[in-house]
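Here the structure is laid out as structure tokens; the discussion comes afterwards.
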Amino acid sequence: CMEPKKVGPCRAAMPRFYFNSASNKCEGFTYGGCDANHNNFQSEADCKKAC
């Protein structure tokens with residue numbers, strides 16, 4: 001949860017969530033589809049549960 005948001009180099013447009021440690025909230029972003037880190041969740045609920 002402390003890793004930065006990582007969009008990745010691919011060009012897909014997948015809606016995902018990450019934990020923003022600055023705001024202390026799970027926030028949405030558009031994921032490119034490859035080269036993710038561990039701060040990448042399919043739903044806001046999954047993000048909140050993990051972080």
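Just so it is clear, glycine is given a Cβ too, placed from its N, Cα and C backbone atoms.
Feature annotations, courtesy of Swiss-Prot:
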DISULFID  CYS1-CYS51  disulfide bond
DISULFID  CYS10-CYS34  disulfide bond
DISULFID  CYS26-CYS47  disulfide bond
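Everything Swiss-Prot records as a feature, shown here on the structure.
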| residue | record | Cβ neighbours (10 Å) |
| --- | --- | --- |
| CYS1 | disulfide bond | 13 |
| CYS10 | disulfide bond | 13 |
| CYS26 | disulfide bond | 21 |
| CYS34 | disulfide bond | 10 |
| CYS47 | disulfide bond | 22 |
| CYS51 | disulfide bond | 17 |
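Annotated pair CYS51 (disulfide bond) and CYS26 (disulfide bond), C-alpha to C-alpha distance, rounded: 8 Å. The CA atom of CYS1 (disulfide bond) is located 22 Å away from the CA atom of CYS10 (disulfide bond).
For the recorded site, CYS26 (disulfide bond), the DSSP three-state label reads strand. Geometry remark: CYS34 (disulfide bond) versus CYS26 (disulfide bond), CA distance 20 Å. Spacing of CYS47 (disulfide bond) relative to CYS10 (disulfide bond) is 22 Å (Cα to Cα, whole number). Separating the Cα atoms of CYS10 (disulfide bond) and CYS26 (disulfide bond) is a whole-number distance of 23 Å. The DSSP secondary structure for CYS34 (disulfide bond) is coil.
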